[in-house]
Amino acid sequence: MAEGRCSQGKEPAEAMISLVALGEPLIQLNAVTPGPLRYVAYFEKHVAGSEANFCIAATMAGARCSLIARVGDDEFGRNIVEYLRGRGVDVSHVKVDPGAPTGIYFVQRHFPVPGRSRLIYYRKGSAGSRVGPDDVDSSLISSADAVHSTGITLALSDSANRAVHKAFGEAKRRTFDTNIRPALWPDLAAARRAILDVLNYGVDVLVTDPDDTQILLGVRDPEEAYRKYRELGVQTLVYKLGAEGAYVFWNGGSYFRDALKVAVEDPTGAGDAVAGYFVALYLSGVDPRRALDLAVAASALVVGVRGDNEALPSPREAEELLKAL
């Protein structure tokens, strides 16, 4: 197994691939000061949500990315659409739903565990949870190089779950981030059933971590996890280890990328940065080791600020960080 820093393989491809992500964009209210939210006086507002973050990361890495979603007919919904459009994401398939509000969540930082954040959601009955199969444009799906979603979207509602199944059933290629959020599921058995059901479509790139894999497969070891995921039809596995780094396993090889040592302001969004960056580069033909190097660098920049996606770099900026550290 290769380890450490790697500059092998092609530079980020010039050919632009087309991706579609399906999931809920949210408004994030991030505590300006660390500690319990009951004593926080000021919050910063950011646009976030796993698939929205994925799209911005993929766009920064050189892909085209369209988001299928719903937002409320409110100021937060308009904020999301305008912000994503400004970041280069195609929002022509984001519908405005007058019957439900835009979802929000709060970020509690560095409490009770320093260096970690806790997320408190207010998204039940949100516009984003009402996305369904009718929102999935078959012509958009068939024209895309790959479709991406997450375990979060599967958990939102029955209609959102069915939307993912429709999109994955029509997609040329599929990428998926397990992203198990226990607070969104009735129990972990339900999460396991729903995610394994989606993996049956055959996933080209799976992004996950030991905690989610323990729930799904009952194992934590990276190599054992890859063997079991391969049996389920997964082609390439990105296995995140948080502050330690990440593995990538593919047909014929494996590689470990150590994490970059940076000051952590808020780790929220780091995994989405890895997913979007890696998928965009890897599916465009970049060597998986090179793609993971740049994806880990992108995530290192994300955790240094509040907000999930404002610090996402260009490949040149990610490379500059790799050379500096």
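Each residue, glycine too, has its Cβ placed from N, Cα and C.
What you see is a predicted model, and the numbers here were worked out from it, not measured in a lab.
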Need a hand: Swiss-Prot gives Gly49, Ser50, Glu51, Ala52, Asn53, Tyr121, Tyr122, Arg123, Arg181, Asp272, Asp308 for substrate, which of Tyr39, Tyr105, Tyr201, Tyr255 is also on that list? Tyr105
So which one is it: of the binding-site residues Asn53, Asn179, which has the fewest other Cβ atoms within 10 Å? Asn179
Of these binding-site residues, Arg123, Arg181, which scores lowest on Cβ atoms within 10 Å? Arg181
Assuming the binding residues for substrate are exactly those in the record, Gly49, Ser50, Glu51, Ala52, Asn53, Tyr105, Tyr121, Tyr122, Arg123, Arg181, Asp272, Asp308, what is the maximum CA-CA distance in angstrom, rounded? 20
The correct three-state DSSP answer for Arg123 (substrate binding site) is coil
Students should find that the Cα atoms of Glu51 (substrate binding site) and Asn179 (ATP binding site) sit apart, in Å rounded to an integer, by 11
Leu241 (ATP binding site) sits from Asp272 (substrate binding site) (Cα to Cα, rounded, in Å) at a distance of 14
